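Participant: Mind looking over this structure? Questions follow.
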Amino acid sequence: MAKALVLLSLVLVSVFVNNGTASENQRLFNNAVIRVQHLHQLAAKMINDFEDSLLPEERRQLSKIFPLSFCNSDSIEAPTGKDETQKSSVLKLLRISFRLIESWEYPSQTLSGTISNSLTIGNPSQITEKLADLKVGISVLIKGCLDGQPNMDDNDSLPLPFEDFYLTLGENNLRESFRLLACFKKDMHKVETYLRVANCRRSLDSNCTL
């Protein structure tokens, strides 16, 4: 009888711990989604304010440039469409999100300097800090998915492509400033999509269509 009670106690403790871990993971996922949503909204606000500050002819010229431009993230392996995104594992989506956020930590310093003080976007110098916080959160989620298993993804140890890709952009170069902002918005949209799908995929009953 005593052994049965001990066994029951251990089972209850295990259930309690597992439920607590699941609850904490959900909180971290929700927090990560909220953080990247804010960054995506901030990116959209920045580029909208930037475009509003341009002359009509400048705006028309820039609208033809970006679709043909190359972003740093284009060298980071990632799903190329909705179907591929939905078929990707939670761990893969988290790893890609981590790489994308990491790729902006250093260039975000240039991003802050590119933005005119006259633009009403708040304090752009906080972008680097927000990216660093999100990176830490995603790292914790990745460790949770690994559940103690070694990280076998070789891409995690690879250097980021073109680390100084955005750092040569001059503050007075209209085309390159727009390119910087447009790439930032594009990448934050990617990360938001990947984290939303990853969060949804954790619930088997959820409809994770994009």
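Even glycines carry a Cβ here, placed using N, Cα and C.
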Participant: With reference to Swiss-Prot, specify which of the listed residues CYS145, CYS183 is paired with CYS71 by a disulfide.
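Facilitator: If we follow Swiss-Prot, the cysteine bonded to CYS71 turns out to be CYS183.
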Participant: Taking only the Cα atoms, work out how far CYS208 (disulfide bond) lies from GLU192 (Zn(2+) binding site), in Å, as a whole number.
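Facilitator: It is 14 Å, counting Cα to Cα.
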Participant: Using a 10 Å cut-off on CB atoms, tell me which of the disulfide-bonded residues CYS183, CYS200 is the least crowded.
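Facilitator: With the disulfide-bonded residues CYS183, CYS200, fewest surrounding Cβ atoms within 10 Å: CYS200.
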Participant: How long is the line from the C-alpha of GLU192 (Zn(2+) binding site) to the C-alpha of CYS200 (disulfide bond), rounded to the nearest angstrom?
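Facilitator: Cα of GLU192 (Zn(2+) binding site) to Cα of CYS200 (disulfide bond) measures 12 Å after rounding.
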